[in-house]
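Q: Here you go, one structure.
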Amino acid sequence: MKILQSVMDQVIKRNPNEPEFHQAVKEVLESLEPVAERHPEWVSAGIFDRIVEPERQIIFRVPWVDDNGKVHVNRGFRVQFNSAIGPYKGGLRFHPSVNLGIIKFLGFEQIFKNSLTGLPIGGGKGGSDFDPKGKSDAEVMRFCQSFMTELSRHIGPDTDVPAGDIGVGGREIGYMYGQYKRLNNDFTGVLTGKGLTWGGSLARTEATGYGLCYFMDEAMKAKGKSFRGSTVIISGSGNVAIYATEKAQQLGANVVALSDSNGYIYDPEGIKLDTVKRIKEVERKRISEYIKYHPNATYTEGCSGIWTIKCDIALPCATQNEIDEKSARILVENGCFAVGEGANMPSTPEAINVFLENKLIFGPAKAANAGGVATSALEMSQNSMRYSWTFEEVDAKLKNIMINIYKSASSAAKEYGDEDNLVMGANIAGFLKVANAMYAQGIAY
Ligand code: GLU
């Protein structure tokens, strides 16, 4: 990096102890160096310095009472990163690992991802270090209500529209939506991922996983490959992993492994998705339960071993930095030809280098997992129209959006001289639209 090194230095200096945020910014700035060369007017208007600084960061106390009457205090976050092309949009993550740096990395990535969808949504992210695991429904409800009591002051259907992420699904969105409505006396599209009888969109639940497969299908088609007859490993067993498995199976793949934060299951005959859905979506239990129903499958403690299973296609759908350089090398040695990121930033920078050097078809998260937020934007449109599209209509729009994201990322990569590098292509294509909007809107004094 030459022109943009000073921007990176400032990010590190101003945001100490936020390694994930540094990692996300560094990857984007490295891709944008040739853009900075072509656009000196953006450099002098401080576009690069401004885009790495959130417009607003909110940190708040979330007190709640457990079933035994004990008081707990968690920390809530909402980072409103960039509103140049639309209201802030991005999920809420409830996980003990959440801190400001994690939310900032996610919010920063969301700017480019949302831009890539072609829809009018800015970038934001939020969450809490609350751990929903092992909590009763009543405890989760009280936590969500307390969280929304503060968050409600900062959001709105034309201001900031949160949704789900790790630890936040339909149940949590329901409790938060109920509380927002009580406080504001407004039935409005302030959250996405809502239930189907109260403003949710058909296909939103499936969208991230389906979208990932639509994106990878298009990227693979360009190289004469496909899901049909391929062996696929998918990490995670949450919403993204489950619906990526469903779509990959529909497209003719054999999905042989899934995981959770404790370990992974391997079923060489193919994952039985009904069992996984029952364990994860209904019973809210661990993935290890799977072998009770399918004794031919195996369960192994620990997560990284999943990448040692021989496969053609790997879809990391669990969490950040789950594939390191070592795992990436094993995947390549085992003949894996495509990696599509369903989670946010699941590959370390070293792992990405291994994939690019070995010419794998690599779908970076910002592009490959944008189907979730894209369908959230479709939910916002339906809410504004007070109208609902059918499943087929939403699914067709989603597919079209994912194909267009692939086309924009691959043509930007080509235009900027690194054909097939979809990391660079996605970063540049996502950035250009936001930079244009920021430039046109002037500098806020
Ligand atoms: N959390 C998802 C993401 O990482 C979805 C966000 C949304 O629907 O707003 O993009």
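The backbone N, Cα and C atoms fix where each Cβ goes, glycine too.
Remember, TrEMBL labels are computer predictions, not curated facts.
Annotations for this protein, taken from TrEMBL, read as follows:
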ACT_SITE  Lys125  active site, proton donor
BINDING   Lys89, Gln110, Lys113, Gly164, Ser376  substrate binding site
BINDING   Thr208, Asn239  NAD(+) binding site
SITE      Asp165  site 'Important for catalysis'
Q: Near Thr208 (NAD(+) binding site), how many other Cβ atoms are within 10 Å of its Cβ?
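A: So the Cβ neighbour count for Thr208 (NAD(+) binding site) comes to 31.
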Q: Determine the recorded positions, out of Asp165, Asn239, Ser376, lying near ligand 1 in the sense that the CB is under 6 Å from one of its atoms, and give them in sequence order.
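A: With ligand 1 as the reference and 6 Å as the Cβ limit, the list reads Asp165, Ser376.
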Q: For Lys89 (substrate binding site), what is the tally of other C-beta atoms lying within 10 angstroms of its C-beta?
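A: A count of 28.
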Q: What's the CA-CA gap between Lys113 (substrate binding site) and Thr208 (NAD(+) binding site) in angstrom, rounded?
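A: The separation of the Cα atoms works out to 12 Å.
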Q: Tell me the Cβ neighbour count for Lys113 (substrate binding site), meaning other Cβ atoms within 10 Å of its Cβ, over all protein chains shown.
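A: There are 28 such Cβ atoms around Lys113 (substrate binding site).
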Q: Cα-Cα, whole number of Å: Gly164 (substrate binding site) versus Asn239 (NAD(+) binding site)?
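A: Roughly 10 Å, rounded to the nearest whole number.
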Q: Please report the distance from the Cα of Thr208 (NAD(+) binding site) to the Cα of Ser376 (substrate binding site), rounded to the nearest angstrom.
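A: That separation, Cα to Cα, works out to 10 Å.
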Q: Looking only at Cβ atoms, how many others are within 10 Å of the one on Asn239 (NAD(+) binding site)?
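A: The Cβ of Asn239 (NAD(+) binding site) has 26 Cβ neighbours within 10 Å.
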Q: Which whole number of Å gives the largest C-alpha distance between any two of Lys89, Gln110, Lys113, Gly164, Ser376, the residues noted as binding substrate?
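A: Output for substrate binders Lys89, Gln110, Lys113, Gly164, Ser376: max Cα distance 16 Å.
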Q: Rounded to the nearest Å, what's the C-alpha distance separating Lys89 (substrate binding site) and Asp165 (site 'Important for catalysis')? Just drop the number here, would you?
A: 12
